[in-house]
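Visitor: This structure is in structure tokens; I'll ask about it shortly.
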């Protein structure tokens, strides 16, 4: 395969016009003397936090549904994603038939009741001391990420046990103090779920997890739909953290790509109006954001460079999840997305 | 006067060992080859927001009190300060006998009732369209700074009228939205009073004046007592804004330097316990912070360089208030403070 005279955007080497030759891996890149180009070639995207799309919900998806899930994501430029669960009885997790090449993001049940968001409070529980209690319900190899509230006494034991099993800990749905968040940070747990949603807020006398996320060197998931947080807030996070520490996620639910109406998220009823998904009490219940739109929004909200956009849409998530990808460089897998100047997707290669 | 082999700290030229010769102006600076030094020489400090100290209150001070006020400030290393009023009937302002070399900081009455802090709500009013209504009470030449809430319809007219009369506008005690704060910013009003106290808070869907202060290029007053905001918050502001945009203030009241007990701030009763001044409802009522302590605290909270410390303690305020000072450089006035390695004041020159 040959893609000629495109603007190549690599999160490390930057932006330059050139031609890329690839099969399943990138074989050769030839820089061009030209400065003009018609299309932009970026590393294909990664979405580490997505509940569903077009009627598919991670909690109820069949093997066939997961195949469609992958196809829909490919249309969004996403080559890798973590189907995400909601807080549920642990027995429910057993029923999920995730394909072997994907891994789950387990969001709850080890979260804080006060910051439950759109998760069922009745299933919330403290984390077990050891990840092997979870293993009774789910093979550890199927778990990529677990969102956990760090204020539980058992947090550190559990989190360290997860790490030994290559499971990424993400701090989220938490009412922790700044000191508790800092303790997690100092123990090596440096990732935060959908910042700053469902986190203890920033107050100037108690900075909470929101303040810790801004001040300490955490990596932050961001839902860049302009609804979960204002465009100016996304810009503030970009200004404070810089692109190196931001991972775009959609947090999208099954209603994504479908019409407004009534849907389920786990066992909670969700109403979608004007694309905004809420519980009956007004709590936001995931998003209907598509990844390609998240990429456009982040560029618009922040005015970032394309190199930075490649970081937040792919490279940072690859580093975080230890995936071989996120680069346009010889030897890397050819997971690539071709875009026009307005960041519309023209073509995706996700061999 | 000759000060030999000190660490000279200039906010522009940086830190170096040398000898300074001065009378009322700095005559000559000779760099030394030595790297060791016993003392640190910094530009003397500026406090643009101070209600009182050691029993003196701007609202009731006699001419003699203002002379003592200057002497007490000199002991703190402060060569220039703006005695600050509280919200009161405008008639009360008439009675203030400020020495001609000083200027007042008028805090209220043009503030927001919802964010009144320790100001009497009954005297709060919207700003007049023109500063000359204020002039009926106070000569404009005696006013250095006015803290105003920008959400009033009359704000822009009033603020522009102030500017034409060399009066600095500082946004404060305000419940403005992010959009309202941005409007003020875009019209050139780029200073915020005791950030983030008495400001609309940062929410991720409505950033308020707190968010505007962080995101936009505002200059921020900070009370670095560790009480008005947590040390980590001061550090966050330093990280986000950098030293160039921070001005240390004490906001101190007459109880400063005196024992715990009952005091007045304007016509409000204040109780000071463990050095913390509060109204009976628990609202913070100014501070008992001394400027020399503010300087030590800021260094400790942020780990900033001495060059940056010279910015936040003097240079930035001088630029903001259009004062000739804040530098250690030939030709500048010899307003200087000598400190030991622990930032204790050893000597002050404030000719």
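Each Cβ is built from the backbone N, Cα and C atoms, and glycine gets one as well.
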Visitor: Name the residue, out of A:39, A:49, A:228, that TrEMBL lists for the same substrate site as A:118, A:197, A:198, A:205, A:284, A:285, A:286, please.
Guide: A:228
Visitor: What are the non-local neighbours of residue A:194 (Zn(2+) binding site), defined as same-chain residues 6+ apart in sequence with CB under 8 A from its CB?
Guide: A:49, A:172, A:221, A:222, A:223, A:228, A:249, A:251
Visitor: Which ones in the same chain are close to residue A:198 (substrate binding site), with CB under 8 Å and 6+ residues apart in sequence?
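Guide: Those within reach of residue A:198 (substrate binding site), by Cβ under 8 Å and sequence separation of 6 or more, are A:115, A:116, A:117, A:172, A:173, A:174.
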Visitor: Binding-site residues A:173, A:194, A:205, A:284, A:286: which sit with Cβ under 8 Å of a chain B Cβ?
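Guide: It is A:205, listed by sequence.
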Visitor: Max CA to CA distance in Å over the substrate-binding set A:118, A:197, A:198, A:205, A:228, A:284, A:285, A:286?
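Guide: Taking every pair of listed residues, the largest Cα separation comes to 30 Å.
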Visitor: List the same-chain residues at least 6 positions away in sequence whose Cβ sits under 8 Å from the Cβ of residue A:286 (substrate binding site), in sequence order, or say none.
Guide: A:51, A:118, A:251, A:252, A:253, A:265, A:270, A:277
Visitor: With an 8 Å cut-off on Cβ-Cβ distance and a minimum sequence separation of at least 6, pull the same-chain contacts of residue A:285 (substrate binding site), or say none.
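Guide: Once residues fewer than 6 apart are set aside, residue A:285 (substrate binding site) is near A:117, A:118, A:253, A:265, A:268, A:270, A:277, A:278, A:279.
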